Amino acid sequence: MLAAAASVKFSPASAGGSTTTKLAFKPVHLPPLPNAVPRPLSLSARPLYRQEPFLAAARNGRAASTAPPAATADGSRPVETAAAPEAAKSAKIGVYFATWWALNVIFNIYNKKVLNAFPYPWLTSTLSLAAGSAIMLVSWATRIAEAPQTDLDFWKALSPVAIAHTIGHVAATVSMAKVAVSFTHIIKSAEPAFSVLVSRFFLGEHFPLPVYFSLLPIIGGCALAAVTELNFNMIGFLGAMISNLAFVFRNIFSKKGMKGKSVSGMNYYACLSMLSLVILLPFAFAMEGPKVWAAGWQNAVAEIGPNFVWWVAAQSVFYHLYNQVSYMSLDEISPLTFSVGNTMKRISVIVASIIIFRTPVQPVNALGAAIAILGTFIYSQVIHRTRLAYLTTYVTKEASKPEF
């Protein structure tokens, strides 16, 4: 721009004169702009494992570069350039959420139907993992999906995640076999409380007071729903609680052990299912066994008919599909959006199961469920603001450090 300004010519001839006068401009040197601080919202809008490039850039004293939208010759930026991809992304996220909720509802309905006729949760859990493993192996063999590049270190890091996932999966299935679907999901809405308490007492992490206060409606709502449950069963209650605890440790192990591992969400869950299946198989044979399964299968087929086989196939396939979609959505949305979507998913499952299975619900029980679910939503908002404040402070400090 300075070079262009210095070469500008003024021609009076164009105004009726005959001489040409050259005006020379001295370049003006502006002071350098201070280091811009990245907008914190752009950080919080990504999952934690995708924030590393931004935090690394801040540690190096520079902001992560973002390419501006294409500009026209006069410097204006057309709105359509940024609006079209944003609209497409919103539509894609909407499809993810709708598919996730629908698949989850279908799985829970068929899973409960199977467990009512065939009350063997260890085999039911095994079939769910086996179906998902078979689907992904066929997808990789036929190149419908690209197989992940893994090594021994990857599987070692995945092992504790798979152990926790196996425990949580079996415990949730045991709970579903003993109590109503709605009650299991009401108790499972207390998972944020387990997450905070485990992080505080086992990992030594500290949270601001608003986070602890946001847990009160979750705990209170779950307690109210439990004491007013008409068909309360202690094994079902403990199964849901153990499932919460196991999934919290699964998330912790995943964040610590899988950090830096470049595997897509779909392939990550596929590997997790396969390793969990290997872990679960010997325990399933020990806890129930082929003789029990054969007798139970004959009774279920005699009572339900051929439809029972389709129920088992449906619950196994839909379990894998809904989990696969949820892991794939993590590649596209922020943790806050995922948490809100998970809360809405739980509401849809509770409502659908009450309608389909005609579960009797007392007004006080429904109030407890509503309080617990509202508490999970409040918690997600509070924890999001806490992380946002932390990231803002961190990036601001790193960006303000002098360069050497």
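Including glycine, each Cβ sits where the backbone N, Cα and C put it.
TrEMBL does not curate its annotations; it predicts them automatically.
Taken from TrEMBL, the feature domain 'Sugar phosphate transporter' covers 92-380.
Residues 176, 181, 185, 311, 314-315, 318-319, 321-322, 325-326, 328-329, 332-333, 337, 341, 344-345, 348-349, 352-353, 356 of the same chain lie 6+ residues outside the transmembrane segment (93-110) yet bring a C-beta within less than 8 angstroms of a C-beta in it. Under the heading transmembrane segment, TrEMBL lists 93-110 (among others).
Within its own chain, the transmembrane segment (122-142) has Cβ neighbours under 8 Å at 111, 114-115, 169-170, 173, 177, 267, 269-270, 273-274, 276-277, 280-281, 283-284, 287-288, 293, 312-313, 315-317, 319-320, 323-324, counting only residues six or more beyond its boundaries. Under the heading transmembrane segment, TrEMBL lists 122-142 (among others).
Here TrEMBL flags 207-228 (among others) as transmembrane segment. Residues 183, 186-187, 189-190, 192-193, 196, 199-200, 237, 362, 364-365, 367-376, 378-379, 382-383, 385-386 of the same chain sit 6 or more residues outside the transmembrane segment (207-228) yet have a Cβ under 8 Å from a Cβ within it.
The transmembrane segment annotation in TrEMBL covers 234-253 (among others).
The annotation transmembrane segment is assigned in TrEMBL to 265-284 (among others).
Taken from TrEMBL, the feature transmembrane segment covers 366-383 (among others).
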Averaged pLDDT, computed only over the residues in the domain 'Sugar phosphate transporter' (92-380): 90
